[in-house]
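Comments concern the structure below.
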Amino acid sequence: MRKFYITTPIYYVNDRPHIGHAYATFSADTIARYHRLIGEPTMFLTGTDENAEKNVESATAAGETDVQHYIDRMSALWQVTWDELGISNDDFIRTTEERHLRGVEKFWQAVEQSGDIYKGQYEGLYCIGCEAFYRESDLTPEGLCPLHKRKPELVKEENYFFRVSKYKDALLRYHNEHPTFAAPASRRQEVLRYITDHLEDVSISRTAKGWGIPVPGDASQVIYVWFDALINYLTAVGYGTDDETFAKWWPADMHLVGKDIIKFHCALWPAMLLSAGLPLPAQVFAHGFFTISEEKISKSLGNAIDPRDLVETYGVDALRYFLLREIPFGGDGDFSIERLAGRYDSDLASGLGNYVSRILALTKGVEMLTVGNDLKVVFDETWKSYHRHFAANEPGRVLEVIWQVLKEGDRYIDECAPWALKKDAEKTDELAVVLGTLIESLRQLAWLLTPFMPETAMKIFTSLGWQDELKRSLTEASVWGAQTHGPVVATTDPLFPRLTA
Ligand code: MSP
C-alpha cells in the first residue's frame with residue numbers, strides 16, 4: 001500500500017508564528033488530511049529549528065540569558081498555536097531533541113565516510129537573518145542582505161566543508177529524470193540554473209560559541225544550522241534511532257517549503273542524501289509568499305498578524321478556506337482583512353452555510369426521504385476533478401470545483417421548489433425524492449470538504465445524525481446514495497453566523 005509522508009519546514013523560534021507560517025502549515029495540513037481521506041497511511045511532520053544563531057540573538061534581545069529556556073518557551077508557543085489551529089500533525093520535531101542529535105551524528109559520519117567532508121578556510125559574507133552565505137553579487141547595491149536589509153557579517157575561519165560540487169552532475173541527472181521533483185515548474189528552472197551556474201562546496205560548520213550541535217569528533221566546531229535542520233526530515237522518522245520506522249516512512253513524498261528556501265531543499269539537501277547513500281524525496285513543492293495589504297510581513301512594520309486573532313472572529317475553517325482559495329498554490333498572494341470578510345460573507349455565510357441550513361430547515365420533520373439521481377452525475381464528476389486537482393497540487397482549484405457543485409445544488413432547490421411541494425398533499429413522493437437528494441448532496445459535500453474544513457464537515461455530519469460517517473472508507477462513502485442509515489435531522493445553528501459589523 002502507498003504511504004504518504006509530508007513535511008513543513010521547521011520554523012525558527014526567534015519569533016512567534018504569523019499568518020504566513022499558518023498558511024504554510026494549513027496547506028500541508030490540508031494535503032495530509034486528503035491523503036488520510038483516501039486511505040493512505042500518512043505521516044505529517046512539522047517542528048522547530050532550534051540550533052540557529054538567530055535564535056540566540058533573539059534570546060539575548062528578549063533579555064534571556066538561558067538560551068535553552070527561551071527556546072523551550074518559544075517552541076511550546078509554536079506547538080500550542082498549531083494545536084489551537086487544529087493542525088493534524090502526527091509528530092513535532094525539535095532539533096535540540098536527543099533523537100535528532102543522534103541522527104545528525106550518524107548522518108555526518110556517513111557523509112564523512114563518503115569522503116565528502118574536508119577542512120578548509122572559509123571567508124565570506126553571512127546573514128544571520130537568513131542563516132545563509134551570500135555572494136557579493138546577491139547583495140543590494142548598499143551591500144545589504146536583500147531579504148533582511150542588514151549588513152552580512154564577514155566570516156573568516158577554518159571550517160568543515162561539504163563537497164557539494166561532486167554531486168553537480170548527479171543532481172542535474174536526478175532533476176532531469178524526475179521533472180516534478182522541484183515544483184512548480186517555474187521554481188524548477190530557478191533551481192536548475194542555480195545548480196548549473198553556482199553550485200559550489202559549502203561550509204557546514206562554524207566555530208563553537210556555546211550553541212549548536214557539536215561536530216562529531218571536534219567540539220571546537222558546531223554544525224551549520226541548515227545542515228542540521230534538513231536532517232530533521234530523517235530523524236523524525238527514526239533515522240539513527242529506529243530503523244523499522246525509518247524504513248516505513250522514508251523517502252518523504254512531499255517537502256512543502258516556501259519559495260525562499262527551495263535551493264536548500266532542491267540542491268543542498270539531495271546532495272547530502274546522495275552522499276549519505278539515502279534515497280531522495282519524491283517532491284519539493286514551493287508555495288509562494290504573501291504580503292498583507294501589499295506589504296511584506298515583518299516585525300518592524302508591525303503587520304505580522306497572529307492567526308489566532310483572526311480565528312477568534314472568523315473561525316479556523318473560514319481562515320483555512322480563505323487562504324487556500326485566495327492564494328494560488330505555488331504563486332504569491334496578498335492578504336487583506338477586507339477580502340477575508342468578503343469571502344466569509346459571500347462564499348461561507350451566504351454560500352455554503354445558507355445551502356446547508358436551507359436544506360436542514362426544509363427537511364426537519366419530514367419522515368420519508370428517498371435519494372434520487374438528479375445530482376448523482378454532477379457529484380460523480382466532482383469527485384473526479386477533486387482527485388485530479390489534488391494530484392496536481394491545486395487545492396484552490398479543488399475548492400472552486402466544490403463551490404461549483406454547490407451552485408448546482410442551489411439551482412436544483414430553486415428548480416424543484418420543495419417549499420411548494422410541501423404544501424401539496426399529492427406531491428409527497430416527489431418531495432421525498434427532492435429532499436432525499438438534497439440531504440445526500442450534504443453528505444457528499446461534507447466528505448468533499450473534510451481536508452479543507454474539518455470542523456465544518458463534522459458539523460454537517462452531526463446535524464444529520466451521521467457522527468460516525470468518517471469511520472468509513474472514502475471509496476465506500478463517496479458512492480452516491482451510500483448512506484448507512486437514514487438521516488436524523490436536527491436543525492443547528494448556522495455554520496457561519498453573519499458577522500456583526
Ligand atoms: N528554519 C528554516 C527552515 C528549515 S527547514 C529544514 C526557515 N524557517 S522560517 O521560520 O524562517 O520559515 C519557515 C517557512 O515559513 C518558510 O518556508 C518560509 O517560506 C515561510 N514563510 C515565512 N514568511 C512567509 C510569508 N510571508 N508567506 C508565506 N510563507 C512564509 O526558513
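Positions of Cβ are set from backbone N, Cα and C atoms, glycine also.
Cβ neighbour count for His148 (Zn(2+) binding site) (all protein chains, 10 Å cutoff from its Cβ): 14. Summarising the annotation, TrEMBL assigns Zn(2+) binding site to Cys127, Cys130, Cys145, His148.
Predicted-model confidence for the domain 'Methionyl/Leucyl tRNA synthetase' (144-359) is 94, expressed as mean pLDDT. Among the features that TrEMBL reports, domain 'Methionyl/Leucyl tRNA synthetase' is placed at 144-359.
Annotation source TrEMBL lists domain 'Methionyl-tRNA synthetase anticodon-binding' at 373-499.
Among the features that TrEMBL reports, motif ''HIGH' region' is placed at 11-21. Outside the motif ''HIGH' region' (11-21), and at least 6 residues removed from its termini, the chain residues within Cβ reach (under 8 Å) are 46-50, 52, 54-55, 57-58, 71, 74-75, 77-78, 81-82, 131, 258, 289-290, 292, 297, 299, 304-307, 310, 335.
Sequence annotations record features per position, and here TrEMBL assigns motif ''KMSKS' region' to 296-300.
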Residues that sit under 8 angstroms from Cys145 (Zn(2+) binding site) by C-beta distance, when 6+ apart in the chain:
Cys127, Gly129, Cys130, Tyr134, Leu139, Lys151, Pro152
Of all the binding-site residues here, Cys127, Cys130, which one's CB has the most other CB atoms within 10 A?
Cys127
Non-site residues, in chain order, whose CB comes within 8 A of the mean position of the CB atoms of Cys127, Cys130, Cys145, His148 at Zn(2+):
Ile128, Gly129, Ala132, Tyr134, Pro146, Leu147, Arg150, Pro152
